[in-house]
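TrEMBL has this to say about the protein:
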DOMAIN    58-260  domain 'Cytochrome b561'
TRANSMEM  50-72  transmembrane segment
TRANSMEM  92-113  transmembrane segment
TRANSMEM  125-146  transmembrane segment
TRANSMEM  166-185  transmembrane segment
TRANSMEM  197-219  transmembrane segment
TRANSMEM  239-259  transmembrane segment
């Protein structure tokens, strides 16, 4: 065997070994990338179901305790409830507003996170129904305070609390009507619905924050009207009302966190979206062009 042929074989063997090493490294890299991505997926927020469940549970505890404390405050310290134009009728106002405009309002928003894997049409219906219930209860609360003011000959709409509260309720009504027209019934086009959706979400959260802020103003106003002389002495009623205010703030913080976190958002279903668009197109094309 000549020297050239030996060198040729050696080079050939070297190239083959080099190629095998490269292939082996590529396979290892591929396996590492797969295992790494799976590991990242396992630790991604999408798999943080336990954290999500704890946060949702905490929000419900905070909301329910807030409603109960409002009932205890008005029932135990302020004389209970009635519908006769007396101060007991006024007591329905804070209870209805905390229950409707804060707790049920927040839960109506939260259904899109809790039921993010359910059929969207069912979640929409639940969202709208809870909002309607919140609206009815809130209107009852507003009627109660106006009725009490009329019987006691007290001026209406003079305080910052009343201004903020009425503005929040009016915007809440408008938000519900627009949501009904844009999303629950096929009135708007798909492009218009997609454009309005971020505005709708932002306004819903903003109204929740406004409702909580207005409630804090109302709590302070009620305490100053009722126990101004003993409030600074840590009267039990004042302490309970302060705790109520803190719980409302915490409820709002947890709700805003759950709604704004990307990993807790509803995953869009392309098939569901296409069916929605197809239904909208059929509805629009089916309209008569002439009378």
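Including glycine, each Cβ sits where the backbone N, Cα and C put it.
All annotation found in TrEMBL is predicted automatically rather than curated by experts.
Note on the transmembrane segment (239-259): residues 52, 55-56, 58-59, 62-63, 65-66, 69-70, 72-73, 77, 98, 102-103, 106, 109-110, 113, 201, 205, 208-209, 212, 215-216, 219, 222-223 of its chain, located 6 or more positions outside it, place their CB under 8 angstroms from a CB of the stretch.
Two recorded stretches are said to be in contact when at least 3 C-beta pairs lie under 8 angstroms, sequence spacing 6 or more; the transmembrane segment (197-219) and the transmembrane segment (92-113) meet this definition. Within the model, the domain 'Cytochrome b561' (58-260) carries an average pLDDT of 96.
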